Amino acid sequence: MMRCALFILLFVSFVKADDDWDDFTNNLATDLAPLITLFGERLTKQFLSESISALDNVIFALSPLGVLTAVVSVIRICGSSSLRAFVGRAQEGPAEAESELLPCVSESTAELFNDGGVARVFGRPKIVEIVSWEVDKNGEISTRIGTMKQALEEGAWSCRSKTPPSELPELDIPNLSLNKGIKRRGQGWFYCAAVLGGVLQSGTIIYAALTVFVFPQHFKKDDKAVASYAFPFYFIGTTLLFIGMFFCAFIMERSSKEFYLKPEKLSKIYWVQPGNQDVGDQVFNAFLAVKENPDEYIKSVRDRRFDRKYTEIYSTLASTLLGFILQFVGLRGLHASVILAQLGSTFLMAIIRTCLRTERMAPDENKMRDDRDLTSDKKQELDCFAFHLLNVDSFDLVPLPDESANMSSPGCTPHLGNPLVKQLIQTRVQLARLTSNSNQSMNVNWDDMPIRQVSRKLAKAIESTMDLLSDWGVEFGTTFEFQLGFACEEVDSKSIPEPPGTYSIGLVRSGDVLRWKIDANELEAVLGLWVWSLLKSNQHWRDTSTTFCRLVGLDENEASLEQTYLYFHKWIFRQTEARLVNSDVIGKAQRLFISEPKDDFSEKTALTMRTSSSFEYLAAQDIFVQFLREAMINMKELGGDLDVVPGIQGSFLGFSTRINDLVSGFEDSALGSREDALLCIIPVLKKRGLLPDLSGDSPMVKARIAKLIKHGKWKSVFALLRWLCERSVESELETSTYELGFLCRQAMLSDSSAVRKEGAEQTCRLLKSDIRDEFLEPRAKFLPQGWTKSQYRVAWWNAFCVQLGWVAWEITKEDPNMHSTRKLLEHLGVQQELYNISDPVHETEDLLTSRRVFKHWLTVDFPDFEAGLSSAEDGDDFCFSWAIENNHYALFYFLLRRVIELSTQLPDLVPTAYANGAKNRSHWAMQVLCRHGMEIDTVNSVNQSALIQCIGWIDVEGARMLLDYGANVNGGDRARGPKPLFAAIEFGRVDILELILQHGASPHAFDNRGLSAMWWASRSGDINIVDVLLRHGAPIDLIEYDETPLMFAVSEQQLDMLAFLIEKGADIDARDSKGHTALMCAALDAKFSVLELLIQKGADVHIRDGQGLTALDLARKEERNFTENLQYQHNMGFVDRDSATDWHTRSLRTIATLEKLHGR
């Protein structure tokens, strides 16, 4: 429209001033001016959609443009269905009209940034408006962020209206055009535009009046005076048009309601828009805009005050259309110069209206412009915004040192080090909450962000793991938190780098079923910020063709160890083989994953495994590993059942029920594959010492072996045990190898020739080469060159081969059918005799005895074994000691396995083996017997357990060892002999008694006859024994056999014991069934020294017994009876005068002492 007008004005300059002028004015200008006034759709809609005040309405109505558009716009916004049908808008929804004509936002309309501009769209697209404001807390200035609603509620912003902040509508839908898209000029410009418009419009009217009333002779129409109706029509029409257009704009402006918000604190407003949004036919890119220190914020919402107010609407439409018609008719009757004046006025006002809003948002306003592709890749606009908000350059996860943690409450652990870490994470957490579906002020959530989806899966994995650990008995209380370490640096920071900071993420156990819950927003914050920082530092990782590898272990050092490779093949390996990479590829990165490097010829030392997980999943798995490390820090043992199950291609897999539960929780949360789960879990279990000992003597492995042997599948049994030996280290390797050796011995003694042959082949295979070397040699080109066997393992393997070779030799000597095997053993250089390590030359009697015993135990099978047992059992005890002293651990293990094997037929072997193991301080013997399920409290044929035997041997340390390995301190349910407590009392061993009581023996215990420990102790006369029992709570006044320990001491005249018991609180006046006290007992037996001690200790001499007699009465009565009895014996001639005189003397002294105390 403007271009057309300019063309006309240029064209006019070339027209002649006389004839051509009249032709132009009559034929073109007269018709064009009203048409321009009538149309001008784009400019009219633009102005109407940005009008928010009455002054805007006045400017719009002066010399108006787009009359028809204004009329149609009113009908579209407020008209009835009939009116909308009249203008061809019957099927139009309200959203379409609102998006074109109103400045407001609503449930059906919104605004988005569109590469430097603002586009109005339908529906609820994703965009969030964030307000930051400064808070002064205790003199420290900090920045808070939130929505505009939160800023209003906290007093950071205020509203001019009386509407409470909580009731302001659509606060979550940003008004971009009014607050960012248009740089609104000062109000003075609008007043000037209104004045200028008034001058132009009134000037045109005045000019028309002058042409009609003052200078009619100069402004004729077709050489005639202007028609009388022309000016009145023009004046009335212009006035009505102004009024109509004003009310059109007024209705449109009042169809939205503006709230003016004012900052009370220094603030900024941010708008964050995610990229790759499909809205209608448009795709909107990521956008981050900011408004620094705003003076106000305009909130425009839909207002339906003019709906159904048809009188006002029809009046406005009538005034507008009638005014336009009258003006059009009037102009046709006026001089052409008036028409040009009106046209010029319209053009000038159109330009003025446009200039009022020509200042728009600059193209470089997008703060994400440089990172737009990066943010859209993982939809990390929130992470980019957090970096921008706090001016952060990098954010990296770093490992923390292990330390004992008291995880009592989520807030108990301080955030150490870099304060920027805490601020950045908390800012990102707030952004996550503002854009999640749990935020009631946000009707549109951002839950399709990959980082949010992964963080929720991570939260589910952590929660399920915590539930499992709690179900297994790990005590966490009701709260638990784990720490993550982060290094954070600012952009262009010239100061010394801050040390890493820690951030604690808490879990709470609540609900009826006490399930653990974690804030997924915190996980999203740390995960998103870390991934964003990593992707910024190396955008190669964005490439979808990039594959990643995860480190096998928790650090570069662990990934380079041989034992790591072995536990990988034992617990982790399923299908993907580990591969080596150069440690320089890992570099100083603290993460446990890297992009797969290209093959090169550099030295490779670190084990990794290729994974199909994407970048954000690998980062989440690293956080899961850190959580698991802290969750298991106070865990004592993993527990559960262990087994070796068949794998692919005839191999096997290590299996643990507890590990399987952890892996299932990981898989169920969709955080990664099963191999990913094992790569995360197994190294942590190894680090915490919780990785189960899966060896040849594990219960389920033994059961599987027994089942295979039962079905004659010896090859499978040997394959299983060899698989374990190849992948085990330290004690697991030794145990599994000994089990394999014992299986070879068992096979060579079989009745089946095929089994004997298999056993001989396996034995020779072991003697030819180290089983570990046989496993690693085919893989040597994929392994580091620096792995070497320790001297200990070389010596141990050689010793094992010597002992296994001797057993095989002895077996083949006795079997003529194994001549070929014996020849092969000779060829392999098998040692045919055992020797003492200290004296390998001389054959002592001890050596000969040991050879005989071992040969009998290891080469003779049941029942022949039992027949020759009597000749061998004398050396059994010595056999234990000799094997241990000479480091013949394989033979010793075979001996123990024979004990276990024969325990059903010969149960006496078990307590003997335990006792000898304790006697020789062999923890290994104890462990072997316990792991094979041998009951440590088993008794022999004379009802003695191993513990009783050690007590009988006065072996304190042996007894301690048995108790440490679980011996029942009370003898066990099957014990029919003496209990350990009573055995210690019987042998008078205070140290053993103290040991037994410390391990939980009851001082209130009774023996098989119903007598208490205190009864036996008092009769032993050993004060130390009694003292130990009393210190552990034994009852001091327990009456047994109608007397207390104190009374027994009286009867036995144990003065030291008596004084000790009284000192320890024994009731000196306790009574028996006859009512006698200890004093009465002493008086009756004339034990004067005892009586004196009792009286000295405060015994009551006035107490009467059941017949009402005191101690004095009893003493006199006994003295009379003695005198009568003495007279009788004298008459009979049977008197022992010495003893009688002594007793009589003591009796009289007793009576005298008691009489003195009675005052007689």
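Just so you know, glycine gets a Cβ as well, placed from its N, Cα and C.
Those TrEMBL annotations? Automatic predictions, nothing curated.
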Of the residue ranges 313-330, 619-636, 979-996, the one that TrEMBL records as transmembrane segment: 313-330
Which listed span TrEMBL calls transmembrane segment, if the choices are 188-210, 947-969: 188-210
For the transmembrane segment (188-210), distant same-chain residues with Cβ under 8 A (at least six beyond the ends): 53, 55-56, 58-59, 62-63, 231, 234-235, 238, 242, 334, 337-338, 341-342, 345, 348-349, 352-353, 356
PLDDT averaged over every residue in the repeat 'ANK' (1074-1106): 81
Residues in the repeat 'ANK' (976-1008) grouped by DSSP into helix, strand and remaining coil: 16 helix, 1 strand, 16 coil
